[in-house]
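**Q** According to Swiss-Prot, the protein carries these features:
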SITE      96  site 'Plays a critical role in the stabilization of intermediate cation'
BINDING   99  Mg(2+) 1 binding site
BINDING   99  Mg(2+) 2 binding site
MOTIF     99-103  motif 'DDXXD motif'
BINDING   246, 250, 254  Mg(2+) 3 binding site
BINDING   334, 335  (2E,6E)-farnesyl diphosphate binding site
């Protein structure tokens, strides 16, 4: 692997800063927050904290300043009950937890993680360890499975069968992509841009998160509506915006620990970009994606009053994810530490030294 995106600390050509694109100003969608958001956010933090005895003190501090529950309150502000909001908040908190524990895993370890979690989704009533060759599971369920079983059992108590099927399908895609990412990490390779985009659309966890928009609203869209090309374009556009903007916001922390699963790195590695020109390029892609999303909203067909109402609320949920994630990225300490609100104003990011995040 060419190490050019992570030049030696003493190299005179290593950049020291970059300027963020002003995506917040480009996005004109209204920002809303669920009235039960703060209460539910605290409950989700307490849930994961108390359910994970192996977390280090550093990991517990990071959980407290992550504010995944606040992200939920922005992005699922239409949730019809505190109980539904809580399930989604627990899932997003859990999803960040999965991201943290899968970072650095070898391919075989991600296989084990996937089997444990998917077991909970498919056999929710009771832990049923698999015994197939190469897929043997321990008699005692691992903690990621217990957590998944806990929030999923609450979800399916009042969840449409279509939503359940789509959630399990998209979580399967998530783990397949995490496995591919682990394989690239094992082989110390950086993928080409097209391959990266395909994998990143699944490692982001956006697809199951979009399914939970339906759950939060208490709806179950018909398959022919979900599969319509315009609906698919709206889903993918939202995924791309959230994912690509996250590559910009998370780049500083990731470069400090040598993480290459980022579009900025690929543009620098294979397409001759400087750090700033790569950031600008991805920022322009994000702006175009917001514009295309607005155009696709106007192209939605009609399926009759009842379905049209469900579709309108669902698309509003995608829109809430776009604007909510942009604002939340400066509120959480995951990307910019305690400087997020200041960086949101001046958009100037000073690069962390290498290995600082470890």
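For all residues, glycine too, the Cβ spot is worked out from N, Cα and C.
Relative to the rest of the structure, where do these features sit?
**A** In the three-state DSSP reading, residue 96 (site 'Plays a critical role in the stabilization of intermediate cation') counts as helix. Counting Cβ atoms from all protein chains shown, residue 96 (site 'Plays a critical role in the stabilization of intermediate cation') has 19 others lying within 10 Å of its own Cβ.
Residue 99 (Mg(2+) 1 binding site) has a Cβ environment of 13 other Cβ atoms inside 10 Å.
Only residues 6 or more beyond the boundaries of the motif 'DDXXD motif' (99-103), in the same chain, are considered here, and those with a CB under 8 A from a CB of the stretch are 59, 62, 110, 113, 144, 178, 182, 205, 259.
Close to residue 250 (Mg(2+) 3 binding site) in the fold, though at least 6 residues off in sequence, lie 262, 334, 335, each with a CB less than 8 Å from its CB.
Under the three-state DSSP scheme, residue 334 ((2E,6E)-farnesyl diphosphate binding site) falls in the helix class. Cβ contacts within 10 Å of residue 334 ((2E,6E)-farnesyl diphosphate binding site), excluding its own Cβ and spanning all protein chains shown: 19.
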**Q** Can you name the residues of this chain that are 6 or more positions from residue 246 (Mg(2+) 3 binding site) yet have a C-beta less than 8 Å from its C-beta?
**A** 204, 325, 329
**Q** What same-chain residues, at least 6 away in sequence, bring their CB to under 8 Å of the CB of residue 254 (Mg(2+) 3 binding site)?
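**A** Looking at Cβ-Cβ distances below 8 Å from residue 254 (Mg(2+) 3 binding site), excluding near sequence neighbours, one finds 261, 262.
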**Q** Within the motif 'DDXXD motif' (99-103) only, compute the mean pLDDT.
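**A** That region's mean pLDDT is 80.
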**Q** With H, G and I counted as helix, E and B as strand and the rest as coil, say where DSSP puts residue 246 (Mg(2+) 3 binding site).
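**A** SS state of residue 246 (Mg(2+) 3 binding site) = helix.
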